[in-house]
Structures are given as structure tokens and as C-alpha cells.
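This report concerns only the one structure given below.
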Amino acid sequence: MRTVGWNVVIVSFAYLASAAELPKKCSAPPEYPHTTLVKKYSSRKIFNAGEKIYYDCAEDFTPSKGFRAVQCSRGKWTKLTLKCEKKSCGNAGDLPNGQFEYEGNSYLGEKVFAVCNQGYTLKGPNYMICKKSGWTGEIPTCEEGEATCSTPAVANSLSPSGEVVRAGDSVNITCREGFQLDGAQQITCGPDGRWGPLPPQCLRTYVPTQLPDKDLRCGVPEAVRNADLADRFTTMKSFASGDRVHYVCEVGHVQAGGSRYRKCVAGKWTPLHLRCERKLCGSAGEITNGEFVYTGVQFGDTATAVCDEGHLLVGQATRNCMAQGWDGRVPICEAIDCGEPPKVANAELQGSQEPPFTYRSTVHYRCLTGTLIGSREVWCTQDGTWSTPPTCNDVTCPPPRVPGGFWSGASRASYEHRDSITIECKPGYASTGPRVVTCGSDGRWSPGLPRCAPRARPVRRRN
């Protein structure tokens, strides 16, 4: 029975030891901005220790630096160093007698605008758009001569047509009685010799075939998503049949399609097809030794700066996508510098370490006097401070008390660490234990004091 019991205990400990040594597995890997996990890994939930998996850049993004792989280590994934940036069309080239002005960083969907030098006229469209195939659209040119426009012929208007005006000049279009303006009243001659916005129309005013009736009027148009009624209409409570109103996108939104106009027809508003989408801010910038973590890149989204291990953030961590773009500035990730190691009384540094002392740098101390309490090694921590340094304490031992014993040398009130003495027994006493003892770091004599026991007196035999 006893032998069996010992066998069971041994097996149990062997099982626990082997279980403790089993490598930890990893759960599903984290998501990173602008990246996608390679498809063959996306459905898995558990990964073996040491296993590597790979990421690709998301659609419309391209690798800029770093490696695609992460590895399962001790139950956690190593950090992904791959950085993906939005695909760029790059430089649009030279524009003779002018220059290109870029909307952003030449990313997909962004525009580049052509601006001619003074004395030259733009021919063709004034912008190109960055698409997957590159800059698309007709390439503009700048030709010698000042741009001019001919006043447009707007049917049923009172404005003269055919007059020549210079670039930058504006004209107002006024409709004849019985006609209503459809579009902008004021148009301006652009540097490309085209009117902007497009010339309006003069449409016949709706005349009811019956007496006015309150049912033929429209009330205040209902609210629509991401758009507001233009200010000029907000104070009006009633609209006649044939009246038109227009909308403007809310702050932080831009028109992405449809018409911004709707009309009151026989007491009902025509449907509004305006589509307003959140403004796109694009990238919040690149951080050396760090990265931005995004909630998105549209109006109202945020980008939070995260520094690589061993670096501290300098500046505002979070940027907000506003109507004018990202607020604030790109912060900096500076390498952690702990400065000079702390001074320890009665101690010196070992080795030849020199500044700078960056994250995880280590130094070692040696006590000149006293005993080292704590770790002799200190290191530069993530918050830019040193770990707790050791101390060098004076350790003393009291005079040894050994009944029947004595030691050579002057008797002292205390002995310092590492002092050694030799203890002898007085005549008539026998020594048991070590003769030489040393004052230890714990203030005790090591390996322990000897004993001096009286010798047994010889027994005399009687004759």
C-alpha cells in the first residue's frame, strides 16, 4: 500500500510538470488598419505556438514598410510591423506655363487642379482625378492669351448675350416676367473660359387653372438626412405650387450625387435625390516609430497615435476628422531616454555603460562597503524611469557568545560583514563545530558558532 501511494504521488507531479511546460496557443489574431488577414487564416479561431500567419494590404492600399508576418508566442501574437498606405497616383507631371495644385497626397479619389500663369488661358478641364489606372481625364493645357467668356444665351431672360467678358468677371441673369430662374443667378467666367456654375434656365412660372386653394400650397419641407434647407427658405412657412427650394449638405458632408433642388407641385414636394456623404479626411499622417489607430477616416472619426515599444508620445495623441480635415498636428514618438542611472550610496557601477540609456538598457551595481540589498541590476523602463536601485547597508555581527570558549584578537562591540575570527576552547573544554566563523550578510555568524563542552574527567581506579 505504501509503495502504491508513492507511485501515485510521483505520477501526479510528473503530470503537473508536463502540463506546465505545454506551449500556450493563441486565439484569433487582432485587426490592423488598412490590412486584411490572408484568407486561409480568416476562419480559424485557435493557432499553435510558434505558428506564423500573414497579412495583406486592404484594397486600394499598398505596402510602405515592415513585414507581413506575425507569430504566436507564449499565447500572444507578436506585433505586426507592416504599414499600408493608400495607393497614390504620384506626380501628375509638369504643366507648361502653369502648375498643378494637389488636393491631398495624390491618393485614390483625390483631384489635382490646373492653374495657368498670368497671361495664359486654360484649355480643357481644370482638374484630373486619381483612379486605379492613374490620373484620368483630358490633360489640360495653358495657352498664351487671356481667358474670356461670351455671355450665355439664356432663353426668356433679360440679360444680353454674346458680350465678351474677362476671366474673373461675373454676370447676373434675370428672367422675363412670367418666368422663374432655375439655377444660380450669378455666374463667373473661369480661367478656362467656361462659366461657373453652369448658366441657369428661365422656366415658365406655374399658373393654376383654377382659383388658388390652400391645398395647392406646400408646407415646410421635411428634414432630410445629412442636409439642411438653405437659409433663405428656413423662415418661410408656406410655399406656392411651382416654388423651388434647395438644400445644402451639413457641415462635414459633401455632395456625392443627385440634385439639391425639389419643387412644390399641387401641394406636394417632389422627392429630393440629393446624396450627402461624410467628408473624407484620408490619412492622418505617418509617425516614425509609431502608427495611427483609426476608427475611420471620415468626418467625425478619430485617429489615435500609438508609439512602438521603447518610445514615448510627444504631442496630442488623438486627431479628429473635421470639416477642414484632420485637426492638430502629427505627434512624435521619441526614443525613451532614462538619463543617468541613480546614485547609490557606497556603491559603484560596473562595466563601461555610456549614455544614451534607452528603453531596456541595464546597469549593474557593486557595493564598496556594506551589503547589497535588492537587485544588483536596474533597467530603463517604458515610462522613462529606472527600476528600483539596490542599497548598500552596513551589516554587523555581535561578539560571539561561546561558553567555555575564547578567540584571539581584541574584543570589539561589533564585527563588520565578512570579518572572520577563530574560536578556541578553554583548557578542560572540547570543541564541537567549526573553529573559524565569518560575519554573514544577515548579521549572523556563519556557518554557526561552535560549542565548548567540559571534557569528562578520567575515573581513577582503586587498588
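Glycine too: its Cβ is placed from the backbone N, Cα and C atoms.
As written in TrEMBL, here are the features:
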- Cys57-Cys84: disulfide bond (DISULFID)
- Cys175-Cys202: disulfide bond (DISULFID)
- Cys249-Cys276: disulfide bond (DISULFID)
- Cys425-Cys452: disulfide bond (DISULFID)
- 24-86: domain 'Sushi' (DOMAIN)
- 87-144: domain 'Sushi' (DOMAIN)
- 147-204: domain 'Sushi' (DOMAIN)
- 216-278: domain 'Sushi' (DOMAIN)
- 279-335: domain 'Sushi' (DOMAIN)
- 336-394: domain 'Sushi' (DOMAIN)
- 395-454: domain 'Sushi' (DOMAIN)
- 1-19: signal peptide (SIGNAL)
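Where TrEMBL records a feature, it is marked here on the structure.
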residue : record         : CB count, 10 Å
Cys57   : disulfide bond : 19
Cys84   : disulfide bond : 21
Cys175  : disulfide bond : 22
Cys202  : disulfide bond : 21
Cys249  : disulfide bond : 19
Cys276  : disulfide bond : 22
Cys425  : disulfide bond : 21
Cys452  : disulfide bond : 21
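Confidence annotation: the domain 'Sushi' (395-454) carries a mean pLDDT of 87 in the model.
Across the domain 'Sushi' (216-278), DSSP assigns 4 helix, 28 strand, 31 coil. Helix, strand and coil content of the domain 'Sushi' (279-335), in residues and according to DSSP, is 0 helix, 28 strand, 29 coil. For the domain 'Sushi' (24-86), the most Cβ-contacting stretch among 147-204, 216-278, 279-335, 336-394, 395-454 is 279-335 (pairs under 8 Å). Taking Cα separation as the measure, Cys84 (disulfide bond) is nearest to Cys249 of the disulfide-bonded residues Cys249, Cys425, Cys452. Ranked by Cβ pairs under 8 Å to the domain 'Sushi' (147-204), the stretches 216-278, 279-335, 395-454 are led by 216-278. Considering only the disulfide-bonded residues Cys175, Cys202, Cys249, Cys425, Cys452, the residue whose Cα is spatially closest to the Cα of Cys57 (disulfide bond) is Cys249. Each residue of the domain 'Sushi' (87-144) gets a DSSP state, and the totals for helix, strand and coil are 0 helix, 29 strand, 29 coil.
For the domain 'Sushi' (395-454), the number of residues in each DSSP class (helix H, G, I; strand E, B; coil) is 0 helix, 27 strand, 33 coil. In terms of DSSP secondary structure, the domain 'Sushi' (24-86) contains 3 helix, 27 strand, 33 coil. The Cα of Cys276 (disulfide bond) lies closest to that of Cys202, out of the disulfide-bonded residues Cys175, Cys202, Cys425, Cys452. Note on proximity: among Cys249, Cys425, Cys452, the disulfide-bonded residues of the record, the Cα nearest Cys175 (disulfide bond) is that of Cys249.
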